[in-house]
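Enquirer: Please see the structure below; I have some questions.
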Amino acid sequence: MQYESNMSRGCNCSACFGLEWRSNALSVSAVDVAYSERSSVDIGPPDDNSSEFSGNITRNRKTLRASICLKLTLFVGFLVVLASGIPALVFWLKAHEQLVDEIDRRLLTVSTLRQEQLKDYLISETDKAGLIATRVLINNYLSNQIQNNRTLAEFDLVSAVSVISDFLHAAVYDSTGKLVISTGVFEPQSVLQPEDIASIQFNRLKFGYPSRTSTGWVYNISSAIYRRQRLIGVLLTWINATKLERLVYDGTGLQGTGELLVGLPEGANTVRLLFPPLHDPNITRLPLDGAMAEAINGETGIKRQWDYNGVKVIAAYRPVGFMRWGLLAKLEVQEAYAPVRNVRLVIIVTIVVLVSLGVMASVGLAKVFTSPITELGRAAASLGQGNMQTRVRKGTLLLRDEISDLKDIFNSMAQQISSHQLILEHKQVRERTLDLARANDGLAKEVEERKRIEGELEKAKDVAIAANRSKSEFLANMSHEIRTPLNAIINFTELCLGTQITPEQHEYLDYVRFAAQHLLRLITDILDFSKIEAGKLEIEDMQFSLFDQIEHAVSVLAARAFKAGLELCYRIDADVPDLIIGDPGRLLQIFVNLIGNGIKFTKEGEVVISASVKTQTEDSIEILFSVKDTGLGIPESKQSLLFKAFSQVDSSTQRVYGGTGLGLVISAKLAAAMGGEMWVESEGTENRGSTFWFTARFQKLQQSTTNAPSFKDAHALVVDDNHTSRCILVDLLKNWRMVADGVDTVEGAKALLHKAAVSGHPYNVVLLDMWLNGTDASELVDFLHMYPSLLANYSQPATSAFYTSEQMKYNSTKKNVLKGEETESKSTSDVSLPIIMLTSVNLIDVTRCKEIGIRFHTSKPVRRSLLVRVLKSALHAQDEVPDEGQASQISESLGRSLHILVVEDNVVNQKVAVKLLKKWGHTFVLACNGAEAIDKSTQEAFDLILMDVQMPVCDGFEATARIREIEKNNNGRRTPIVAMTAHAMSGDGDRCISAGMDFYVSKPLNAKKLQELLQSAAMGSFRGRHYSSPYCDDITKYV
């Protein structure tokens, strides 16, 4: 009502404007409340959006205040810079120009003053020298050289020199350059050179460069003496250069870094300095360029250039006016422009002070404007936080402005908002209560669902663990159940092959044995793949001979390579160590897989294995292996299938080559497990073959006892038609300090033998391949038998030591050094020629060697240990043979019968063991389970116990533990126990050893390995805590 009455009276005060705004915009009515309930704009209660609203208000307030301050600061700063910067810039430019001009004028003044002083001094001194040259008595003597005139001339010369200051000495020469008179205080040169006379006659004057003496700087002036236009002599005066030095080195007007340089041209490109610079006395010459060149050429001016020290200087130059001398007065730019920099610093400091004052003034002005706005912002934030009683203070009545009106409007708006808050509060509380109820219901359902999912996950985890355990148990049981009948099939087949049967039956049994061993290989591959996929593959760490493993791999596959007509050889670099620490069984597994594939896919040519050092540290070594063949090759598009499980390059039903596709996958995984990798390189072209590379990391032995054999200065000839095999053998012999040559034909060998004999260095031994280009090498053997003098005897002072694991085994058993290959007695009177025949694995080649009179032979691929022994025998440098007493003792040990307890529950396996032990002459006692084994071991003593692992009633682990406990309690002898198991899972070997067993062999039993084990036990050299890898036995059987 007051508003209506005021408006009717035409009131326009600010209070009426505020009431009008509240009446029109924020008046509360039933319609407004109804509209607010339908509106999408929600002004929530203080506990809903108040914090967000407050944060927005605070951010907006800070942004507004910073914006005004920044704008005012920039504006005032700009005005200050504009108002002070332009005059300062103009002042700086004018001051800079005047200062630079002043520096240039000062340097020009200094150079002019020095030039005038120097010119006056030089003219004065030359005039003095000219006066002496015109003395009458001296001229008379030069015209008529008689004794009386000489005395007068000398007196006159001495008098003249003593009268003139700074003149030290003088000498007079005649026109021919001969010394005639001098002051006598010193000894001048007796003769002037003709070219010096000519130069003085041409120039009438010659100036000598100053030189340093014990009394100071001295220079000389040479003046021509004329009489009636004819040269009658030359006056040479020596002058004290102290005044000249003082003129040049005077630094007046040149500040601290300035100096004066005076130069004389010397040649076309060089300037000789009259005195060296003060800052570098070692410099006497400068290049003829820059300001000095222009001064010598008669020009005057100012230049900025780099001096002899690489410092930028300002140089004032001008000619001296004496001969072609140039003068240079220089001052370093940094020192010369110091006043300029000082002026610049003053201007910059002035501008900074003015800008700082302007910024401070702008900040104060900004606060005057932003304080009311800040107050409004705080009030708005307080309203947003729910304090509906918040109001702003009104301005004074005398100085009201727009901000005061804004405060009144804000207070009115706060009142209206408070009214709206009261109306909306009940509605918001009701809606929020419903929302919270719905949210609680949803959260309860979510918690229940999560608990259900966690329960299902726990059940799935238990099922997965149980399935994994069941898988492992299944694999172990399958291995046991499959290997058990295979043990009977393989060993009974081998026993049957040792009986009297027909050739046809022998062929059938060979097929049975091959099929069984092939099945065993497939089972082993599948088990290995399963272990790899399950992450249970374990890599052993044991010391082994790398050379033996490679030789073992090529030896067991040599028969296949010979049958396929392929050359199988290996190369080991000289820096590759023999004894290392790693897993020999897995390394052999990789070799057999790769070499077997190379033989299978190669029709003709060769398969070459190589080993080299890739990287090594103090404790470990990474070795790079490769298997290269000359077979079919692998297309690039198919190479990605090689290392995928159950994949074949040719997977069609008509493929020629079989296989499961697991060999390369397992090999690659094994290489990765040994810290390396595997890859293939192939051009995909037949006869170009493929190369499979893989790396493996091993531990190095701290002290290695392996030494290469030495046949120092022995000459050897290798005759082999295969280039690769020949080169490998030649390199090997050279590593053994032999002088080795290679040739591929019989004719070439004859030529080399004859050439070596003629030269006085005949060969001591010949290594001859049995088959050269398809024919035997008997022709060369017959030739050497006809001409035995082509081969010389070899004598070596000391026999070198070469120990490998193979030789240790031979030395321990004291077998024949050639293992049956040396067929004749050493005591025979007929000494065989030193020819070593390289035969195949076919026994027919051995028979052929005997027929053609070859005593020494070894099969290919050549094994290092056997080759060393054959070489020693052929060169008559072999180790001593055991005497008869030792040999008899060894023979008795090898033939001693053992009393063995066989613990086996399977009847078939019992019969296999019984047959083998009877065949080898051992006695035995059978036990069907572990309980029987415990009883029988306490009833009688056994030399060895063969213990099955999986048995009813009491298994092998429990039985072993009981037997060891009984032995410990009774302080009895420890009986060696060898575990026999068809299990092939990871950790079985370690479990056997930890249970107290001494050795571990896998089923199917390898008869040869078991026989060697029994022989070691019979000799008393049975070492516990070692076990053989089941895979090594399976590989040997399969190949």
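Backbone N, Cα and C define each Cβ position, glycine as well.
Feature annotation from TrEMBL assigns transmembrane segment to 68-93. Taken from TrEMBL, the feature domain 'HAMP' applies to 367-422. Among the features that TrEMBL reports, domain 'Histidine kinase' is placed at 477-700. Positions annotated as domain 'Response regulatory' by TrEMBL: 715-875, 899-1018. Feature annotation from TrEMBL assigns 4-aspartylphosphate to ASP769, ASP948.
Could you place these features in context, so I can see how deep they sit and what lies close by?
Expert: For the transmembrane segment (68-93), the residues of the chain that approach it from at least six positions outside its boundaries are 343-344, 347, 350-351, 354-355, 357-359, 361-363, 365-366, 369-370, 373, judged by C-beta separation under 8 angstroms.
Taken as a whole, the domain 'Histidine kinase' (477-700) shows an average pLDDT of 79 in this prediction.
With a cut-off of 8 Å between CB atoms and residues at least 6 apart in sequence, the same chain places VAL719, ASP720, ASP721, ASN722, SER725, ALA777, LEU838, LYS860 near ASP769 (4-aspartylphosphate), listed in sequence order.
Long-range Cβ contacts of ASP948 (4-aspartylphosphate) within its own chain (separation 6+, distance under 8 Å): VAL903, GLU904, ASP905, ASN906, ASN909, GLY956, MET980, THR981.
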